[in-house]
């Protein structure tokens, strides 16, 4: 059949494929996500022979690559929000990469796609070659082995279709024969009528004959048979009209019977396919249900590693999981700190404590005016009682310690001012502020610092410090650059106590610029201490049982980056009271049995 022939020959002719040159090799520096501790690190990346490899640096390529992936089946995904980032995934392995700028990223993506295309998996020419082979095999076999084995009645259907094709040819021949017969008959009748009309016209001029009764008749009957002989059309003497009609009826009956059989076979095939379709739909329903269950279980598991789960407004981790991760990390740090404190013996340097007069002077450094302004603001506003203020919320109360918070947000970033009051027996304000300000003992009581150093010493009572805090995943690591000043504020009257204050506030310095590793936080913190002395009995000397230190601690912190508000407030509520208790206990421990420092 013509249709079958055209189907068999489809796909046998193709345009010759154009050969393209080999893909261009590429190498350069990209930032690669290493892990949640070290974050993004610059790596030397080489694209060659359908393989992407990376080295620690260009100088260390001779030592071998640190990792490589084949790009044949890799999936390259540009990030939705970060214009410089793109991800490459092969099965369960995912590389997170960042370029210098969007144009640089697009160049890398194009080069990787070219290597992937030339590998054969992503090539259109490869797909065309495979498709042509399938078409040729299908054309040679007529029907695929799968379809013929799936339905054995398919042979009967094809046979019936062939029979219908034969019936069609027979019917066409019969119709042509009958049509020819009718055309010849019509031509013969037309010629006969034309001849009769001509003879009648010629006889109109003949004289009539007289009959015995006096009537006149035309004398034309004598030649009637000669004039109008019986005409038989030429070319139809060999046609059996009756036989052709019977055959025509039989052919149409055969076509109807074959059509009926084909319809019956197609109905049976449809029923079989419907059963298969129902089974496949049931399988699909089960698979979708299993997929939903697997995704639900996956969401319950903790997520680690990828930068998509870091802190930020586009983080894939929700607030509850974010808080759980932060809390778990803080608990681990506390356990490590407790273990290290119990195992090691602290080394203490005999730091001479200057007299109070050394900290009473204002100084002459370039930040003198700023320090004086900060000190006066804290002395004016920080010592005010906020217990009855509706804007301040009492979030923690443990014995003498009370912690207040005022909720403030700016551009989605939590900037809650915090204020805590406490009363500690056996220590003076000078001692508390000295231990809080001194960098020699900072690591003894501060457990959140990873490292710190003094950037510049401005005066005996003022220094600039740069410190990096330990990272708490999934939050980004923070660093702080601040000026720390300690001051003694003399009492205005004899009944007023002396006040010691340590003021820490953020500044800028050329020796500690911003870096990509940490988020720079801004702080304004003050530790304000006043010493109250109860007179001893009799003529006894003042002991530590007679002194009480009233502490006011205020903190205004800008975290420098986005994090869930509920998480920040929950962590602050947990960590600030813990810090005050740990620090005051440390001061009590270090001053016990030593002379009182007023």
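Along the chain as shown, the residues are counted starting at 1.
Cβ atoms here come from the backbone N, Cα and C positions, even for glycine.
Residues 467, 504, 553 are recorded by Swiss-Prot as N-acylsphing-4-enine binders, and the candidate that the same record lists for that site, out of 446, 537, 541, 575, is 446.
In Swiss-Prot, the region 'Disordered' annotation falls on 1-24 of the listed ranges 1-24, 25-48. Record note: among 162-181, 182-201, 202-221, 222-241, 202-221 is the stretch given as region 'Disordered' by Swiss-Prot. Of the given residue ranges 64-97, 98-131, 268-301, Swiss-Prot assigns the label coiled coil to 268-301. Residues 446, 467, 504, 553 are recorded as binding N-acylsphing-4-enine; their most distant pair of Cα atoms lies 20 Å apart. Spatially close to residue 446 (N-acylsphing-4-enine binding site) yet at least six residues away along the chain is no residue at all, judged by Cβ distances under 8 angstroms. Summarised by DSSP class, the composition of the domain 'PH' (23-117) is 22 helix, 42 strand, 31 coil. Confidence in the coiled coil (268-301), given as mean pLDDT, stands at 88.
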